[in-house]
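Record features (Swiss-Prot):
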type     : residues                                                                          : note
BINDING  : Asn17, Gln49, Asn69, Gly79, Asn80, Asn169, Asn203, Glu221, Arg222, Gly231, Ser232 : substrate binding site
ACT_SITE : Cys78                                                                             : active site, proton donor
ACT_SITE : Cys230                                                                            : active site, proton acceptor
Amino acid sequence: MSPLAHRRFLKMNGLGNEIVVLDLRGTPHIVQPQEARAIAADPRSRFDQLMVLHDPVTAGTDAALRIYNTDGSESGACGNGTRCVAWAMLEDPVMGRPAERLTLQSRAGLLAVTRVSATDFTVDMGPPRLRWDEIPLAEPFPDTRRIELQIGPIDDPILHSPGVVSMGNPHAVFFVDRDPASYDLARIGPLLEAHPIFPERANISVAQVRGPEHIVLRVWERGAGLTRACGSAACAALVAAARLRLTGRRAVVTLPGGDLVIDWGEDDHVRMTGPTELEWEGTLAPSLFAGAA
């Protein structure tokens with residue numbers, strides 16, 4: 001029987017971004033890609049990101065965190081999911097303990113989370129990575145504020161010249177004049193995600209700047225597809241816009257699921273503030289893993 005059978009999980013969302021939180025502290029088991037896909041295939045535990053808690057391995061941290069996409073691949077960052085993990089660790093009667101701050105160790109580095117209210121949290125996502133080899137890109141670009149990349153006819157591209165940023169995972173942000181909802185991101189997104197310029201694939205965003213403190217965003221999420229919200233993409237969009245002087249260093253980013261406040265501080269850290277919501281709790285059925293061995 002899978003070590004995940006009968007494990008309790010929390011189904012949550014951050015602005016409609018579907019999150020499952022699974023606590024594996026106290027057990028050595030590492031979720032395998034086929035197990036993540038099996039959990040995602042069940043309507044009760046369907047997720048955009050699976051957030052798995054492990055015992056801390058770094059002094060001064062509260063937990064280690066592994067993040068899975070629906071296709072079983074791992075991600076270095078998920079801002080909306082990190083807020084949900086913070087709620088689980090601070091508010092859930094089974095997992096939780098009273099505190100105002102948490103520090104989590106993810107594949108991308110340390111994530112510091114601060115409580116704003118019972119449901120809202122601020123996540124310090126750390127500094128953005130802006131060099132071409134940090135994002136990473138497949139070839140050198142000395143200026144990543146805009147790179148040579150387009151989709152559509154060469155003389156009339158649908159999207160072109162994105163800014164590229166890593167927030168622990170690679171992002172390409174295309175700035176447009178029209179409402180981002182008018183672009184067929186379900187068709188364009190997977191083509192750009194897998195473009196050879198992105199050796200680790202990329203999250204693809206279409207962004208419209210509506211003022212110096214307001215960005216409207218739609219996101220095709222690497223390994224997950226269209227999503228109602230993506231916290232790391234919102235952070236990347238603010239950084240990309242500020243580098244082009246389209247906005248200041250603080251803005252409200254409006255996604256289909258709602259608003260996030262993104263602040264790129266003078267200390268170079270990007271902080272994201274937004275809500276969480278618990279939808280239900282459940283246990284993983286053993287039958288989910290019958291074909292996942």
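Just so you know, glycine gets a Cβ as well, placed from its N, Cα and C.
The secondary structure of Arg222 (substrate binding site), as reduced to three states from DSSP, is coil rather than helix or strand. Excluding Asn17, Gln49, Asn69, Gly79, Asn80, Asn169, Asn203, Glu221, Arg222, Gly231, Ser232 themselves, the residues of that chain whose CB lies within 8 A of the CB mean position for the substrate site are, in sequence, Asp48, Ser75, Ala77, Cys78, Gly81, Val219, Ala224, Thr227, Cys230, Ala233. Listed active-site residues: Cys78, Cys230; maximum Cβ neighbour count within 10 Å falls on Cys230. Cβ packing within 10 Å was compared across the binding-site residues Asn17, Asn69, Asn80, Asn203, Ser232, and the lowest neighbour count falls to Asn69. Of all residue pairs in the substrate-binding list (Asn17, Gln49, Asn69, Gly79, Asn80, Asn169, Asn203, Glu221, Arg222, Gly231, Ser232), the one with the greatest Cα separation is 17 Å apart.
If you take the CA of Cys78 (active site, proton donor) and look 10 A around it, the recorded positions you hit from Asn203, Arg222, Cys230 are Cys230. When the Cα atoms are compared, Arg222 (substrate binding site) and the residue listed as 'active site, proton acceptor' turn out to be 11 Å apart. Proximity to Cys230 (active site, proton acceptor), defined by a C-alpha to C-alpha distance within 10 angstroms, is shown by the following binding-site residues from Asn17, Asn69, Asn80: Asn17, Asn80. When secondary structure is read from DSSP and collapsed to three states, Asn80 (substrate binding site) falls in the helix class. Cβ neighbour count for Arg222 (substrate binding site) (all protein chains, 10 Å cutoff from its Cβ): 25.
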